[in-house]
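**Q** What Swiss-Prot shows for this protein is this:
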CARBOHYD  Asn123  N-linked glycosylation site
CARBOHYD  Asn180  N-linked glycosylation site
TRANSMEM  408-428  transmembrane segment
TRANSMEM  438-458  transmembrane segment
TRANSMEM  459-479  transmembrane segment
TRANSMEM  487-506  transmembrane segment
TRANSMEM  524-544  transmembrane segment
TRANSMEM  555-575  transmembrane segment
TRANSMEM  576-596  transmembrane segment
TRANSMEM  639-659  transmembrane segment
CARBOHYD  Asn672  N-linked glycosylation site
TRANSMEM  692-712  transmembrane segment
TRANSMEM  736-756  transmembrane segment
TRANSMEM  795-815  transmembrane segment
TRANSMEM  834-854  transmembrane segment
Amino acid sequence: MLWKRWTLAVTIVVLQLAAVLLFARGFLPSRVLLPGYTESRVSTEAPFQKAIIMVVDAFRSDFAFSDQSNCPQLHKRINSGGAIPFTAHSTPPTVTLPRIKGLTTGSTPNFLDAVLNIAESDNSSTLANQDSWLAQASRDGRKIHMFGDDTWIKLFPGMFDDCEGTASFFVSDYTEVDNNVTRHIDTQLDQKTEWDVLILHYLGLDHIGHKTGPESPFMPAKQKEMDDIFDKLYNSCDDDTVLILLGDHGMNEVGNHGGSSAGETSAAMVFASPKFETAQLTETAETSPLPWTDTYKYHSRMDQTDLVPTLTALLGLNTPKNNLGVLVSQMLGLWSPEDQLNVLKNNADQMVQILQGQASRESDAKEVYELYDTLNSNPSVKDYYNFLYEAQSYLTHASSNYNTNDMLGGIGLGLLSTILALTVFSALTLAVQGLKRLYLIILLVYFISVFGSSTVEEEHQIWYWITSGWMAFLYISGSRNKFGDGFNWMFVQVFVRMMISWNQTGQKFTKKDDIVTWLSKDGNHPVLWILILVTYGVAFNKVWRYGFSKVESKLAFLLTLITTFASVGFKITQAWEAGEVVPAPLLYLMGLPGTLNEVNARMAGLARFAFSTIAAGSLYRVLSLAGTDKVNLIRDLHAFLTLFLITQSRIQNIPLFMVYYFLEIFLRKATNRSFIFSSRDIYQTEALFQKLVLVLSVSTLLLEQVSFFSMGNSNSMASIDLSNAYNGVTLYQIEFVGVLTFVSNWIGPLYWSTAGLSFLLEDHVRNAIFAKIAEKNNDVKLTTKLVQQALTLRVYVVLAFSSVAISAVMITCFFLREHLFIWTVFSPKLLYQFVWTVLQFALVDVILSSIFVVLVYRSV
């Protein structure tokens with residue numbers, strides 16, 4: 001029976017994976033695009049012959065235009081009329097690859113591009129066969145040179161006459177990655193006849209944001225560096241060259257991006273040329289800098305896709321076939337009144353072709369067609385813009401090409417896995433109907449919450465209340481017989497409250513004060529580092545007592561000291577390199593400061609050494625399985641995992657592991673005292689057994705959810721943390737970076753997953769009680785059987801939740817696929833749930849649990 005249930009568990013996992021893949025195929029298809037290239041020739045004279053495109057990754061509008069920016073040369077050019085500034089709206093997902101697609105083709109990228117964005121070697125997103133302003137320039141015989149982010153080379157293979165790429169995801173480096181671009185400038189400016197378009201894409205500012213946020217002490221210097229480069233390029237321009245400075249997206253308050261907040265969607269865009277100073281393109285003179293505002297709206301507003309028809313018109317190129325951008329009106333002064341109408345006509349004729357491919361005249365696009373018809377008789381500039389903006393709005397918000405059959409098929413498989421998981425779960429918990437009903441209510445509450453955009457954005461609030469309520473229920477039920485037996489639950493609640501208060505997340509309260517904010521304030525850094533060192537002391541004790549417990553005592557102490565010191569040294573060096581305040585004695589201990597290259601090399605070496613010793617110790621412990629030692633395997637591996645997870649954490653989150661440690665202790669004590677020592681039914685094996693397993697399994701599952709959000713995560717792609725994704729990595733390798741990215745963002749769930757296994761399999765009090773039960777029943781193998789059954793029930797607790805969760809999210813995305821927030825709220829939630837389902841629940845909680853069953857309890 002046991003192995004049948006495990007076979008069914010594997011079947012449920014397969015059903016979930018199939019559901020995810022099938023639904024994704026239907027929900028995330030590529031947008032239908034018009035094939036081919038625009039062939040008609042532009043009849044108007046081009047104001048410029050050359051263009052320099054300077055992309056500063058994550059160049060938020062306030063970095064360029066506010067009184068808090070450090071770009072004096074840019075402000076000077078704006079005030080003189082030589083530069084025309086805009087705040088350019090970046091349509092989510094606000095990550096580099098889809099934004100470059102939008103900036104070159106003029107079309108709105110598919111949300112799947114956000115997933116492909118992290119695959120450095122991915123070629124599925126190439127634009128080699130799509131129309132873009134680069135394709136039009138190349139077909140017109142123009143020469144294009146590109147230096148910087150290698151995403152351009154992946155998107156446009158073979159299109160550059162000269163190029164050199166830099167790795168866009170190696171966020172640990174923000175100096176050399178920009179120097180490798182700047183070193184080409186002098187040569188390129190001296191050889192202007194060799195190119196018609198020069199593209200420079202700088203990544204350093206974005207990397208600083210990922211590492212230390214927009215208020216990093218390194219940010220002003222980086223802005224000044226970009227400003228100096230802009231000034232150098234501007235001074236090299238003649239009246240035939242236009243310089244465009246832009247950000248591909250912005251960043252949020254912590255330096256990440258991918259979501260839809262004002263900071264992430266507000267990028268800087270500047271058109272500059274000496275010709276503008278005499279052309280007087282704007283009616284009123286622009287002034288810069290402007291007062292900082294949290295709306296990030298400065299100067300005129302435009303959509304990023306508007307760059308495409310504007311640039312092609314400025315260079316005398318055809319507008320790409322799938323462009324949804326509108327030529328910015330501020331540039332019209334460069335043409336005669338007659339040519340102004342001609343360039344707008346080109347834009348309108350191109351856009352109406354897309355409209356004809358997506359909607360008939362009898363559809364809801366009828367009013368847009370009527371505006372186009374008015375252009376047939378003496379149209380004015382205003383008439384053209386009326387049509388262009390209405391067409392842009394309609395086409396931008398037009399429905400995606402969903403495959404509803406695949407979506408329904410995925411939902412069907414998800415519901416089937418839910419039915420199977422809940423059926424077996426119910427059969428395994430017949431003796432604890434009350435607890436089972438409460439868990440099912442939790443699943444129902446979560447299922448309902450997924451249908452609200454606000455509850456998805458603030459999901460952490462759901463788990464905070466559910467977890468606190470669950471622990472309160474256990475406190476009440478555990479102290480019915482003797483009040484003192486429930487005393488430990490009070491400490492459990494205290495530490496849960498500390499987890500909740502550690503990081504503010506979500507959308508509504510992200511700027512509210514939390515524990516991390518207090519620890520980061522001036523004057524409080526000594527407290528932070530004391531807590532960090534105490535946490536490392538706790539981790540040292542766990543690794544020494546448990547991780548190297550099978551090694552001779554003195555050698556174990558030495559190995560633990562070396563392993564822990566490597567991790568501590570790495571975090572100290574990483575903090576200093578990121579601009580954090582580090583106490584002088586710790587800097588002296590690590591021989592800091594030093595040159596940047598020395599520090600980076602030292603960091604990589606320390607991280608690799610720490611990882612190697614942790615891996616070696618874990619491998620030794622697995623290979624040393626023998627006799628009764630096997631029952632402590634998970635506890636010992638959990639000690640090594642804790643040190644690894646600390647190494648992968650942000651500095652401010654390291655003390656959370658001390659909170660986890662004490663919560664783990666009190667949760668273990670609370671369950672033992674409340675449900676074993678105080679139990680009146682000590683010999684009622686089934687009821688006691690099911691109660692214990694369900695209490696611990698649900699508790700640790702809830703703590704997985706709470707700990708995920710307590711680390712500062714959310715359901716927004718902007719909260720993905722890349723600051724520890726390159727620890728120990730010197731060259732970009734998607735396999736290692738992918739694993740480290742998952743680990744550094746799922747730290748809490750990984751911790752509580754292994755802690756939950758240890759609770760069930762290796763608690764000596766519980767096993768002693770089970771031994772007594774076995775003795776009472778005259779069955780010497782009953783203890784091992786109970787442990788195996790406990791693991792089985794835990795797996796089905798997880799499968800019940802994961803099946804309900806993925807089904808709920810897929811159903812939500814199906815019925816709300818026309819919702820205003822489908823791409824900004826529900827689609828990111830779907831991607832997060834995919835990761836939860838495939839990596840955390842299926843791989844970690846189910847498959848690894850199965851491996852432990854085989855490794856540790858093979859005797860039955």
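Cβ coordinates come from backbone N, Cα and C, glycine included.
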**Q** Just the number: how many Å between the Cα atoms of Asn672 (N-linked glycosylation site) and Asn180 (N-linked glycosylation site)?
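**A** About 60 Å separate the Cα atoms of these two residues.
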**Q** Return the residues near Asn180 (N-linked glycosylation site) by Cβ distance under 8 Å, restricted to its own chain and a separation of at least 6 in sequence.
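**A** Within the chain, Asn180 (N-linked glycosylation site) has Cβ neighbours under 8 Å at Phe147, Glu164, Thr166.
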**Q** Give me the stretch from 408-428, 438-458, 459-479, 639-659, 736-756 with the greatest number of Cβ pairs under 8 Å to the transmembrane segment (524-544).
**A** 639-659
**Q** Check for me, if you would, whether the transmembrane segment (795-815) reaches the transmembrane segment (639-659) - at least 3 Cβ pairs under 8 Å, residues 6 or more apart in sequence.
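**A** Counting Cβ pairs under 8 Å, fewer than 3, so no.
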**Q** Within 10 Å of the Cβ of Asn672 (N-linked glycosylation site), how many other Cβ atoms are there?
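**A** The Cβ of Asn672 (N-linked glycosylation site) has 19 Cβ neighbours within 10 Å.
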**Q** Mind checking which residues of the chain, 6+ beyond the ends of the transmembrane segment (487-506), have their Cβ under 8 Å from one of its Cβ atoms?
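**A** Same-chain contacts beyond the flanks: 457-461, 464, 467-468, 471-472, 474-475, 478-479, 512-517, 653, 656, 659-660, 662-663, 666-667, 669-670, 673-674, 703, 706-707, 709-714, 719.
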**Q** What same-chain residues lie close to the transmembrane segment (639-659): Cβ under 8 Å, and 6 or more beyond its ends?
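**A** For the transmembrane segment (639-659), the nonlocal Cβ contacts are 495, 498-499, 502-503, 516, 519-520, 528, 531-532, 534-536, 538-539, 542-543, 545-547, 563-564, 567, 570-571, 574-575, 578, 580, 607, 610-611, 614, 617-618, 621, 707, 710-712, 721, 723-724, 727, 740, 743-744, 747-748, 750-751, 754.
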**Q** Counting Cβ pairs under 8 Å that are 6 or more apart in sequence, does the total for the transmembrane segment (736-756) and the transmembrane segment (459-479) reach three or more?
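**A** As far as Cβ distances go (cut-off 8 Å, pairs 6 or more apart), the transmembrane segment (736-756) and the transmembrane segment (459-479) do not touch.
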**Q** For the transmembrane segment (459-479), find every same-chain residue at least 6 residues outside the stretch whose CB is under 8 Å from a CB in it, and list them.
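**A** Apart from its flanks, the transmembrane segment (459-479) reaches 438, 442, 445-446, 449, 485-487, 489-490, 492-493, 496-497, 500, 505-506, 670-671, 673-675, 678, 695, 698-699, 702-703, 705-706, 709, 714-715, 829.
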